[in-house]
Amino acid sequence: MAAEHPEPPKGELQLPPPPPPGHYGAWAAQELQARLAEIGAPIQGSREELVERLQTYTRQTGIVLNRPVLRGEDGDKAAPPPMSAQLSGIPMPPPPMGLPPLQPPPPPPPPPPGLGLGFPMAHPPNLGPPPPLRVGEPVALSEEERLKLAQQQAALLMQQEERAKQAAVLMEQERQQEIAKMGTAVPRPPQDMGQLGVRTPLGPRVAAPVGPVVPTPTVLPMGAPVPRPRGPPPPPGDENREMDDPSVGPKIPQALEKILQLKESRQEEMNSQQEEEEMETDTRSSLGQSASETEEDTVSISKKEKNRKRRNRKKKKKPQRVRAASSESSGDREKDSGRSRGSDPPAADVEIEYVTEEPEIYEPNFIFFKRIFEAFKLTDDVKKEKEKEPEKLDKMESSAVPKKKGFEEEHKDSDDDSSDDEQEKKPEAPKLSKKKLRRMNRFTVAELKQLVARPDVVEMHDVTAQDPKLLVHLKATRNSVPVPRHWCFKRKYLQGKRGIEKPPFELPDFIKRTGIQEMREALQEKEEQKTMKSKMREKVRPKMGKIDIDYQKLHDAFFKWQTKPKLTIHGDLYYEGKEFETRLKEKKPGDLSDELRISLGMPVGPNAHKVPPPWLIAMQRYGPPPSYPNLKIPGLNSPIPESCSFGYHAGGWGKPPVDETGKPLYGDVFGTNAAEFQTKTEEEEIDRTPWGELEPSDEESSEEEEEEESDEDKPDETGFITPADSGLITPGGFSSVPAGMETPELIELRKKKIEEAMDGSETPQLFTVLPEKRTATVGGAMMGSTHIYDMSTVMSRKGPAPELQGVEVALAPEELELDPMAMTQKYEEHVREQQAQVEKEDFSDMVAEHAAKQKQKKRKAQPQDSRGGSKKYKEFKF
């Protein structure tokens, strides 16, 4: 384990030299595996992984491992003796604080004959004991360093003994498993020969194996202590001799010696098997191969493959055991089992399984390339299901066979089966529940925020949804209303308001102003004073109209002074205690509420705005608040209220902020920008005529005046003004203008109703007095009367028919050129014609027709009434 170094000077402790760069990288794979097996680390994997494990061990423990000297096939090479400060590849650390320097352990006793030459803690039998460790008092080390070194040495020795103990226990378990698998009852030797109780310093008695032991391939998880390889144990006589000789000095525990001896023989087998494996390319076709070949195969086989093979072997051996037990005696069964174990199985029972060979490529990038293909390996779930079916059939057959074994044999078989099942279960990964699997496959909040487009809506519990991405998408859509917050609360909804007193309903302010509340209270007081007799009388004959309220006041309350109730915006849900929160939207900067004014000692009322706030003086000194640049503050950047003055007296508005020239700093504090303060500058009339234009002569000006006069005399040709004599005649037969009015000269043909409605100059007439007419006879009318009202005036006020609202009178084009006098005459003629038509019209025929219809209705109704009445009279009985 130790490399050859020059002998240290006497009196100094030899410390391990630091490893050069690439120290472990230059070793061969066999050397790396040998050194990893010595420190108890896994030896499987590629060369880069082995190097990384050794470097990690060196960093964690501070122990520098030297390159091992491997023995060849001839066995003539031997490892050099360990250095003075190193024992079995472990450097001597400095002594811990507070302890004397640790003396090197005494040399171990000579090993029994037959011990391998490569045994690290013993020495070759022909060379004698090694030279004594020369460690004097260290000169360069302080007392604290020596104490620390001693503590580290003690800890390392304890760790070695603990590993030896674990290795011995594992070896015993493997031996028991092999015996159970072979199915042979091994004759138990006497106690003095078969089992030797060896009490290790740190553990109980461990039975040392006796007889040839077939090694089994074991695949242990990473980080577990690797069992030491076993070899042929020493003769029993030597063991007894060592046990019986108590006079020899301090010994290495015998269990540790056996383990290390087996490790050496195991190392030889591994070296020879690795050379053979390089030559082999085909898979092994028999199950009865040697233990060395089986172990070399299982180095690259995973745990699941190994367990599956074990189950297959177990299934094949079970029927053989049952048949042997039923046919032969126990002695014959032992012989048959020995023969069956020695002979090869038949060719029909051979199960060929293809195992891919892992290439040994010493390339640093090969590890990453290998991991990619490991992700695409086929799963063994289908094979497991197929294997479970024959297992069930075998169990059914075995239960049907009559049991002829004794109680001891059954008990032993059940123990073996249970131990096999336990061994099968241990290397498999623990089965996870569905809940744990869901938690493992669940997104984290950070991952979900990276996957979605709107990470601001992601909440803590969104990752537990069935489809988290869809949930976040729905929450991010526009106008989506969130689920109420109380869905995840422990307490029931609105149960936190139990201790809060609910105030009675209050009328809104605009209804209170009508005074209806006081009127109802007064009415209730009166009703309370009434007697029961009067109350019962009111129930029979209730009095209405007890509360008389002005309807105009009630109308104004709802249509003039009504205020909107407090509503929430879309998507704003109610939650417990929302009404008690302060609403910042109702608060405006600059407006002081009554509560704030009372707390500041300011007056409250209609003239409260004339008292300055207490922070005005500081604002005049330091400036307006930067968060509200457009806020108007009286006395700072806007004028103070009327009848107020600047000054520092009670109710004064401080000093206006001005610069050296007297100009306001922050705004119009004096109110000079108002319209009444601005002096109106009289604009001078500017001559817009082009310069140099010739002035018009007197003749041209007189011609223009004549043209204007002629334009005034001409009638309007645009069509907006209609002559008076043809514009006021209504085709319906009723005059729209009463007689006696002066006829206007010009009439607007198109009515401007929209402009008149906007101006509101004409107010509608409230009522119309109808003239009464008296007639001598009623006539044949059903509802006739001697008093008749003249409806002609009302019909004339209603105006023209709706289909003729546009133009009242159609004029021929040649009539538009007539002079105003001719139009007036034409208008009067039309008026006379209409009056004559009204007088000529007679409604007597219409009245007679209506009366005839009414008579017919009466005749039809009379016989029906008589029949109905007589029928009812007959049916009526007391």
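Here the Cβ of each residue, glycine as well, is placed from N, Cα and C on the backbone.
Just so it is clear, the model here is predicted, and its values are computed rather than measured.
Swiss-Prot annotations:
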- 1-25: region 'Disordered' (REGION)
- 1-10: compositional bias 'Basic and acidic residues' (COMPBIAS)
- 67-136: region 'Disordered' (REGION)
- 140-177: coiled coil (COILED)
- 183-356: region 'Disordered' (REGION)
- ARG205: omega-N-methylarginine (MOD_RES)
- ARG228: omega-N-methylarginine (MOD_RES)
- ARG230: omega-N-methylarginine (MOD_RES)
- LYS258: N6-acetyllysine (MOD_RES)
- 260-269: compositional bias 'Basic and acidic residues' (COMPBIAS)
- SER272: phosphoserine (MOD_RES)
- THR281: phosphothreonine (MOD_RES)
- SER290: phosphoserine (MOD_RES)
- SER292: phosphoserine (MOD_RES)
- THR294: phosphothreonine (MOD_RES)
- SER300: phosphoserine (MOD_RES)
- 330-342: compositional bias 'Basic and acidic residues' (COMPBIAS)
- SER343: phosphoserine (MOD_RES)
- 383-436: region 'Disordered' (REGION)
- 383-397: compositional bias 'Basic and acidic residues' (COMPBIAS)
- 384-533: region 'Required for interaction with PRMT9' (REGION)
- 405-414: compositional bias 'Basic and acidic residues' (COMPBIAS)
- SER414: phosphoserine (MOD_RES)
- SER418: phosphoserine (MOD_RES)
- SER419: phosphoserine (MOD_RES)
- ARG491: symmetric dimethylarginine (MOD_RES)
- ARG491: omega-N-methylarginine (MOD_RES)
- ARG498: omega-N-methylarginine (MOD_RES)
- 674-740: region 'Disordered' (REGION)
- 695-715: compositional bias 'Acidic residues' (COMPBIAS)
- THR763: phosphothreonine (MOD_RES)
- 827-878: region 'Disordered' (REGION)
- 827-852: compositional bias 'Basic and acidic residues' (COMPBIAS)
- SER844: phosphoserine (MOD_RES)
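Here the features listed in Swiss-Prot are placed on the structure.
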residue: ARG491; record: symmetric dimethylarginine; Cβ contacts under 8 Å, 6 or more apart: none
residue: ARG498; record: omega-N-methylarginine; Cβ contacts under 8 Å, 6 or more apart: none
residue: SER844; record: phosphoserine; Cβ contacts under 8 Å, 6 or more apart: none
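The 10 Å shell around the Cβ of LYS258 (N6-acetyllysine) contains 27 further Cβ atoms across the protein chains shown. Cα of LYS258 (N6-acetyllysine) to Cα of SER272 (phosphoserine): a distance of 22 Å. Per DSSP, the secondary structure of the compositional bias 'Basic and acidic residues' (260-269) breaks down as 10 helix, 0 strand, 0 coil. The average pLDDT computed over the region 'Required for interaction with PRMT9' (384-533) stands at 79.
Around the Cβ of SER272 (phosphoserine), a 10 Å sphere holds 12 further Cβ atoms from the protein chains shown.
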